[in-house]
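Some features that TrEMBL has for this protein:
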DOMAIN    5-70  domain 'HMA'
DOMAIN    93-158  domain 'HMA'
DOMAIN    180-246  domain 'HMA'
TRANSMEM  273-293  transmembrane segment
TRANSMEM  305-325  transmembrane segment
TRANSMEM  346-368  transmembrane segment
TRANSMEM  374-392  transmembrane segment
TRANSMEM  555-576  transmembrane segment
TRANSMEM  596-618  transmembrane segment
TRANSMEM  941-965  transmembrane segment
TRANSMEM  971-990  transmembrane segment
Amino acid sequence: MTTKYKTHILVGGMTCSACTNSVTNALQSVEGVDSAEVSLMTEDAVVVHTSLVKPEVLKDAIEDVGFEATLVKTEELEDEKSHFSNEDDNSNLKTSLTIGGMMCSACVNTITKALKDVEGVKSVNVSLITEEALVEHTQEVKPENLASVVEDVGFEATVKSTASENETSAHNHDASVDKQSVTIQVFGMTCSNCSNSIEKQVSQLPGVISCTVSLSTNEAYIEFKPSLTGIRNIVDTIEDCGFDANIDNGVDKSTQLELLSKVKDIQYWKNNFFKLLLFGVPIIFLETIFPLIRSKCHMQLNIGHGLYFDVLVEFILGTYVQFWLGRRFYINSYKAFKHGSGTMDTLICTSTSIVYIYSVFIIIQAFAVRSMESPKLILDTSVMLFSFVSLGKWAESRAKGNTSTALSKLLSLTPDKCVIVANPESFKGLDKSVTSGDQNSAFSGIVQREIPVDLLQKSDIVIILPGSSIPADGVCIFGESDVDESLLTGESLPVVKKAGSKLIGGSVNVTSTMYMSVELVGQETQLQQIVNLVKDAQMRKAPVQRFADAIAAKFVPTILSLSLFTFFFWCFYTWVAHLEDIPATFKSKSGDHVMFSKILEVAISVIVVACPCALGLAAPTAVMVGTGVGATNGILIKGGEVLESTSGLDTVVFDKTGTITAGKMTLAGHKFFGALSLKEEILWSMLYAVEQNSEHPVAKAIVSGVKDVMEQNSLVDPALVSIEGLETKGGLGITAIVRVAGEDSSRQLRIGSEKLFSDTKLKGETDFENMAGAMRNEHIGTVCHISVDNEYCGYMEFKDTIRQDATATINALQSNGYSVAMVTGDNARTAQYVAAKVGIPTSNVFASSSPEQKIQYVELLQQQGHTVAFVGDGINDAPALVEADVGIAVATGTDVAMSSADIVLLSSEKDESIVVNSSMSSVFNALEISKKTFQVIRTNFVLAIIYNLVMVPLAMGFLIVPFGLHMHPMFASAAMACSSVSVVTNSLLLKRWRPVDVLSVHGTALVCDEEANVENSGIAESLDVSNFKTSKGKKEVGLFSRLRRAFGQKRRPNSEEYEMISS
């Protein structure tokens, strides 16, 4: 099996999607690269590659295409086979690169093409806004080669990380991918004995797989099992050997914040603009004002042979401006040209070079004929072009930096340092029931230690003082306090936390000191998952954005062709026309001859006014702002394609348990028959043993109910029961083979719905049929029947609570034109009761549905022409979430990276109550922010397209003959700069979006006709949507609908790939 790697690279200098395409293409052209994804906004590139590709090669590839690249980290990927199956070992890698130098979608196309040309590259996603590329490739492609490819096409590239494409899903299924690597900088080594002593001591730590220390680079590379040891243990061991040690993070938090806020780009363009003013003002003075002064004062500045002093000074200053202050444009343009692509730099360099070459020609001509008049240069045009472009890029960088404000806030939530209990063994022996006032005396034996958050390990005990941020995810083990989770979940009010409560890293402790046991650190925390989701959203392009990239690929050659056509047209026109018929635009002041320089200015204006940047920034800037605003309100949207899909939705299908209801069932009642062949205590013990490891709401309710029984009956002991076999049937229940201590043979235990027993002949069949009939007719809760060795033993009834905002949310959706449906594995009577309560028509409710039937239901609605969103818990409903046009998952705990969902909704656990207020209303707000964001994308594209369609013809001189109006290159450059800024500014308007309070706006539910009569529900238990009630949907029409069909891609794997779990 070939090892695969995921490399992350920071890429500097990208300005538009053309830059990200150039970086992506460069990375994908590296042999051994599986995939490359580049984000413009976060300036990240993620490259997945084989061990044959070194990260330095990826870095070189990005730098070769004109961008700065910094390697962040390279991670060895676990093959999915080791976690799930015995299938093929050849899983792909995903390498992330950060790319610098992109200015427009043409840059993105250049990078994408270069990367895709690399053998072994499967897919490339480049983000102009985040300045990142994510490349999927085979294991044979190295991340370094990807960076090299990007650099070869004129951009800066840094390998940020490399990981298996299955790593995320593997982590969701098995959080203990028990292998981790770290690079540590070691200071103080002087000889090989130093490195040998470190290797020896570190290798002796439990869980350390390998340790390699390089004396030349002063680095130690360690592979270890995080379940057995931690990074802090390794660092402490190195320091105990007498050396200083620091973790090599590649790119720390402050660097990421600088990249997101475009600090480097803002500073560069600001400095370049003022330098251009410093040298440009004298040039403009010598070009426009000084000739008047010289004429009035009869100054003779001829130094011989047609050369004049003021002209030489202007030429020297212009040469400095052209090739020093404008060197960045030339470098990037050359690298792009070398790979057969064009970018915004190409247009700028072409126009200014024409101006410079023409001025040189004028000077040579004056020298050759020994002119008695000072030659007229046009170097002021070049200076003004560079100045306005730099000013525009300065303003654009500032605006782009503001688009990532939400992501920057999320990154800033994690503290740099935290305080841990250095002697946790002494803490465990203390009486933690003491009051807050007795803490000082009770905890006086605790030793505190302040450490960097990077050194935090699982099971550490962290002291969280009032006003401080929680450094990682964990559980409160002592204390009670209010915690502010507003930036993570959108919940405005502080949440009360006490012993046993889950704490989220990045939230703020408000009132009292708490002690927390760390459970998740680093990339595993909820905050980091949210950050990654927001950044990953930049990699996922909407079909309309792929359409823009396709235009950008042809944009520069088209504009250059139009400019050339304009030049020859006006040359021909002025040659064949009579002098009096030639527009004054092309004549000298005296009107007696045609000025060639004026024709040249018109052709240059065509090049300068064209703006691929506005087209390339239209989607990425809006996606960055929209997903960022959503994230700060607990709504995680996974990319532009999701936004576009959401804009065309007309139907929302809800799962019941855990979505419309709180999903926290309680045991409402039970009945065990007296003629049992085993004691009731043994039955309780068996139920507990079988269900204790399940995450299903019913299983949790059973375990909770048995615990209550155990408090009253000491004879109930799950330890007496061992499980020999277990089979889960989706939507039906569980069949288990168990053995009770002291018994000679095993027993078969069945727990589930009535359908689970449909193919079994039970002892006590009459009792079962009577009870099942009574349940259907009289009870509205969830019922589980029980049998042991095919003998019917009784039933348990569970009840759930409808979320407080469910009715208002359904009302809000229906009022806004959405058809609403509910599908559930529960019985028809329970489904009807819930539907009537929240306002869902009976004809739109489907009960007793297995996971497979939920998929079929979604498919039937789609076949009727509906665009469907499915809302579920993200685990049990994974297949339906995949099949729907948009899958919306309600996150629980810290599982926010649900691979099966397009949108993930976060919610705060306000207390131990079973009622949670925020999840349902978040569904409506998720659709609203998605639609609003895509509307902004559409507006941006319209602005960009209209700008180019109007300004390019004006620059070509369409108004010269009828009105004598033409566009000077200076005005053209100013207009070009304003076009990009206007698009970014329009995207920033999304920051004004606020979530709707559905409880206050839509607090009254729509009343269904069936609500009054629950007895005659008529709920469908078969897949029939012929009576489906629809609202006035909002259909996607016109250009964007056609773009979806032309450029759309399958958004997720086939639903059949997901394991069917009980409903």
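Placement of Cβ uses the backbone N, Cα and C atoms for every residue, glycine included.
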Fill in the blank from the handout: Sequence-distant contacts of the transmembrane segment (346-368), meaning Cβ under 8 Å and at least 6 residues beyond its ends, amount to 106, 305-307, 311, 315, 318-319, 322, 326, 329-330, 333, 336-337, 375-379, 381-382, 385-386, 389, 556, 559-560, 563, 597, 600, 603-604, 607-608, 610, 612, 969
Problem - Criterion met for the transmembrane segment (555-576) and the transmembrane segment (941-965) (at least three Cβ pairs under 8 Å) - result: yes
Handout entry: For the transmembrane segment (596-618), distant same-chain residues with Cβ under 8 A (at least six beyond the ends)
Key = 15-18, 103-108, 128-129, 343-344, 347-348, 350-351, 354-355, 358, 376, 378, 381, 385, 396, 400, 545, 548-549, 551-552, 555-556, 559-560, 562-564, 566-567, 570-571, 574, 585-587, 937, 940-941, 943-945, 947-948, 951-952, 954-957, 960, 966-969, 971-973, 975-976, 979-980, 982-984, 987
Handout entry: Stretch-level contact, the transmembrane segment (273-293) and the transmembrane segment (374-392), CB cutoff 8 A, at least 3 pairs
Key = yes
Exercise for the section: Taking helix as H, G and I and strand as E and B in DSSP, count the residues of the domain 'HMA' (180-246) in helix, strand and coil. Expected result: 22 helix, 24 strand, 21 coil
Exercise for the section: Return the stretch with the most CB pairs under 8 A relative to the transmembrane segment (971-990), choosing among 305-325, 374-392, 941-965. Expected result: 374-392
Problem - the domain 'HMA' (93-158) - residue tally per DSSP class, helix then strand then coil - result: 22 helix, 27 strand, 17 coil
Handout entry: Positions on the same chain near the transmembrane segment (374-392), where near means CB under 8 A and six or more residues out
Key = 269, 272-273, 276-277, 279-280, 283-284, 287-288, 291, 294, 301-302, 306, 308, 310-311, 314-315, 317-318, 321-322, 325-326, 329, 348, 351-352, 355-356, 358-359, 362-363, 365-366, 597, 600-601, 604, 608, 969-970, 973-974, 976-978, 980-981
Fill in the blank from the handout: In the domain 'HMA' (5-70), averaged pLDDT is 83
